[in-house]
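Trainee: Dropping the structure in here first, questions after.
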Amino acid sequence: MLNILMTHLINPLAYIVPVLLAVAFLTLIERKVLGYMQLRKGPNVVGPYGLLQPIADGVKLFIKEPVRPSTSSPFLFLAAPVLALTLAMTLWAPMPMPHPVTDLNLGILFILALSSLAVYSILGSGWALNSKYALIGALRAVAQTISYEVSLGLILLSVIIFSGGYTLQTFNITQESIWLLIPAWPLAAMWYISTLAETNRAPFDLTEGESELVSGFNVEYAGGPFALFFLAEYANILLMNTLSAVLFLGASHIPSVPELTTINLMTKAALLSIMFLWVRASYPRFRYDQLMHLVWKNFLPLTLAFVLWHTALPIALAGLPPQL
């Protein structure tokens, strides 16, 4: 009985609660970073140095009355944000930090499949609101997400050929001699840009173009449901950066100090997340056709070429992983 309780309740909770806390403070870091980049302080009133701001934001959002447009679809209106957050939390299950909640043989495929399902929550919310702005925003988001998933999938395939397995733990073993960032740096660059687009972040945040779309597919959401979307979006950002750290920034343990494994991975993921914020502060939004041109005309041919190249390399080098 205790075993079942541990596996099905305590373990998932011990995973979900820290992720949600990290998401809350990622919003604070974002506001602080953007503030300092614009030569201002950012949140500094609630608590010391504004540290309690995320808690105040969360309380404020969840005690607001959830207003629902009278013409919207009641079930879909609530189901979409719940689905978004559920998927965002489930995606963390196979992440090796250093031990995953569910040790899957095909962890990478699981992440790829579930991140594709997130499209349905966006589409559902855009359609349920019965508003033309929300629908256009949702269609943009869906087109963008599924386009960039093509390049993400091909990049993953190339990297999997290097590591020789679909489990995320094998990447730690592969990269004990050298980070995959070094032999596969063009893939790492394309992967990072694709994760920016996949998570709808600036400069790819076309779904939230205030000037033309009044904030996109979550335009009519307020209070609790909006907070769920918000949490899901930032959880996905953290997940993508943790995944980037596992895939390209290698073995999360230093052989001499194995105790630092988790801190090591967290530091890499946090630095990558701060780069997300840096990009947001630096670049203006793309035009929609440029966004699509980038993935279909630039990334797709390049990633296909790299898949061929990475297939040829292990055959030529007797299946050895990259080494110094």
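Even glycines carry a Cβ here, placed using N, Cα and C.
The structure displayed is predicted, hence computed values, not measured ones.
Found this in Swiss-Prot, in case it helps:
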type: TRANSMEM; residues: 9-29; note: transmembrane segment
type: TRANSMEM; residues: 75-95; note: transmembrane segment
type: TRANSMEM; residues: 106-126; note: transmembrane segment
type: TRANSMEM; residues: 146-166; note: transmembrane segment
type: TRANSMEM; residues: 177-197; note: transmembrane segment
type: TRANSMEM; residues: 228-248; note: transmembrane segment
type: TRANSMEM; residues: 259-279; note: transmembrane segment
type: TRANSMEM; residues: 299-319; note: transmembrane segment
Trainee: Which range out of 75-95, 106-126, 146-166, 177-197, 259-279 gives the transmembrane segment (228-248) the most CB pairs under 8 Å?
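Mentor: Going through each listed stretch, the top one turns out to be 75-95.
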Trainee: Quick one: find which recorded stretch in 9-29, 146-166, 177-197, 299-319 has the most Cβ pairs under 8 Å with the transmembrane segment (106-126).
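Mentor: Ranked by Cβ pairs under 8 Å, first place goes to 146-166.
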Trainee: Out of 9-29, 75-95, 146-166, 299-319, which stretch touches the transmembrane segment (177-197) the most, going by CB pairs under 8 Å?
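Mentor: Result: 146-166.
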Trainee: Three or more CB pairs closer than 8 Å, sequence separation of 6 or more: does that hold for the transmembrane segment (75-95) against the transmembrane segment (9-29)?
Mentor: yes
